Structure formats: structure tokens, C-alpha cells
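**Student:** So TrEMBL has the following annotated:
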DOMAIN    16-105  domain 'Clp ATPase C-terminal'
Amino acid sequence: PEFLNRLDDTIIFNPLNEQGLISIVEIMFKELEKTLHNRGIKAVLSEEAKKFIAKAGFDIVYGARPLRRALYELVEDKIADMILKDELESGDEITIDSNGEKIIIKKK
């Protein structure tokens, strides 16, 4: 009770919907896109991939906090492996898509 009396205002946050999660995925992907651009690699993320990552990275208790880890595990890690195996180099373009069960990264 004493603590509550010290608060000036109460803010209620609405739960995130699918579009909100997709927007967060887009913002996070822009960081990866920038890193890849610096290496000369162009990356395109499909709507299906955005939805898949948003679904994989959402937790009812933690909300969107696990999204960063999901993007890393599902996308960044695979791209890093491709770069290390010399499957990707400057000038390449990749498409990141989903078949509903997993993320698929294709080199154009």
C-alpha cells in the first residue's frame, strides 16, 4: 500500500498482436541488413519469414523479449555459417523465407 501511494500514474500496456510483433522483427532485421550491407550482401526478408520469426520469438509470459534470440538462432546464425563456408560473398543477394516449418535462406 505504501509503495502504491508513491506512484503518480498507472500505465496499462495492451498485449502485442501479430502486426506489432512483425514490426519489431522488421526493426531488428534492419540492424542485420545494415551489417550485411557493409559486407556487400543484400538480404530480403519475406512476409512469411517475418511471421514465422514473430511466432517463434513470442512468449506469453515474456512477450517480445525472446524475439532477438529467435532472429539470431533462425537467421543470423545460418547466414554466419554461410559466410564462414564461403557460400556468401560480397555482391551476393539472399532471400530469407519460410515454408511454415523452418526458415529457408536462398542465394540468388
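The backbone N, Cα and C atoms fix where each Cβ goes, glycine too.
TrEMBL labels come from automatic prediction, so no person has curated them.
Keep in mind that what you see is a predicted model, and the values were worked out from it rather than measured.
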**Student:** Kindly state the mean pLDDT of the domain 'Clp ATPase C-terminal' (16-105) in the predicted structure.
**Tutor:** 95
**Student:** Within the domain 'Clp ATPase C-terminal' (16-105), how many residues are helix, strand or coil going by DSSP?
**Tutor:** 49 helix, 15 strand, 26 coil
